[in-house]
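Undergrad: I have a structure I would like to understand better, so I am pasting it below and will then ask my questions one at a time.
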Amino acid sequence: MTTDHRAEPSAPALNRPATAVAHPNIALIKYWGKRDEQLMIPYADSLSMTLDVFPTTTTVRIDSGAAADEVVLDGSPTDGERRQRVVTFLDLVRKLAGRTERACVDTRNSVPTGAGLASSASGFAALALAGAAAYGLDLDTTALSRLARRGSVSASRSVFGGFAMCHAGPGAGAAADLGSYAEPVPVAPFDVALVIAIVDAGPKAVSSREGMRRTVRTSPLYPSWVASGRADLAEMRAALLQADLDAVGEIAERNALGMHATMLAARPAVRYLAPVTVAVLDSVLRLRADGVSAYATMDAGPNVKVLCRRADADRVADTLRDAAPGCAVVVAGPGPAARPDPGSRP
Ligand code: DP6
């Protein structure tokens, strides 16, 4: 038998679809604004709790005969910007893996997409895991988190369960890319629930990307919000180590309100809060006046997430239902890390 040593070793065929499941996370210390939009490097560190509700399940199937990637979201082929974000992400995975084959990505969300309920966090965390596996990349959790960040900064945190922080990291270019990733945050055993009032499940009027861009460029409050976020983060880490729910809640609430104030000071203003949001915030104040530890946080949308003890979650949920009639209210707890899901492979 002769062997042709001149022939290039051909890359192994990629014929195993890979499926992964990831959960959204809610930031208790927010990131808002990127110092590098292409590499997705945030200005600020952030810290979040991964939820045990609203998972995203994503399957990546390599299709070596296909001329283009196919992206299916909740059963329907997608086009436009949403598809482009996935294709750009797959291009990065292909570059890392040294492969060129196109793929079909099938994503199922159990949370409305684009409504400030963190579907991009669970979506890109699941895509990072499934994409890396389908293209034969063997990455540790730090590298997976870094990769997920390239899809959506908040996705870097959904690679981990429980509480996680994303480092903004130092520097620019490749050094910044290397230094920006999430990791688990140590907490004392912590009795906590997050009660979510879904005030509006429709897509937001201003995308978070555009909202961030405008806030960074035009809000005179932006630098001081980033600076106060640094202090908030240090205090938050200490409060989590003490399992001090009131401190955690107070810090999270002021950090979120500061972020929204900073957006409101942008020109023109970026306003995600709706009248019902404010009614829910009032009901949280009433709960506190009645002695219930309840604290609100809001992201790039009108929905309100209320941090409280598990034992108070039903009472908090009833209060939010009264304040926001007709709105769905969901009780969540700390959730698991993103994981491969071989069981659901088609
Ligand atoms: C207000 O991570 O969804 O929820 O990085 O552009 O995809 P991209 O935005 P995304 O923004 C999250 C913003 C936030 C705060 C946070 O989760 O830290």
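Cβ atoms are placed via backbone N, Cα and C, with glycine included.
Below are the features I grabbed from TrEMBL:
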| type | residues | note |
| --- | --- | --- |
| DOMAIN | 22-170 | domain 'Diphosphomevalonate decarboxylase-like N-terminal' |
| DOMAIN | 195-325 | domain 'Mvd1 C-terminal' |
Undergrad: Within the domain 'Mvd1 C-terminal' (195-325), how many residues are helix, strand or coil going by DSSP?
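TA: Output for the domain 'Mvd1 C-terminal' (195-325) reads 80 helix, 13 strand, 38 coil.
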Undergrad: Mean pLDDT for the domain 'Diphosphomevalonate decarboxylase-like N-terminal' (22-170), rounded to an integer?
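TA: For the domain 'Diphosphomevalonate decarboxylase-like N-terminal' (22-170), the model's average pLDDT rounds to 95.
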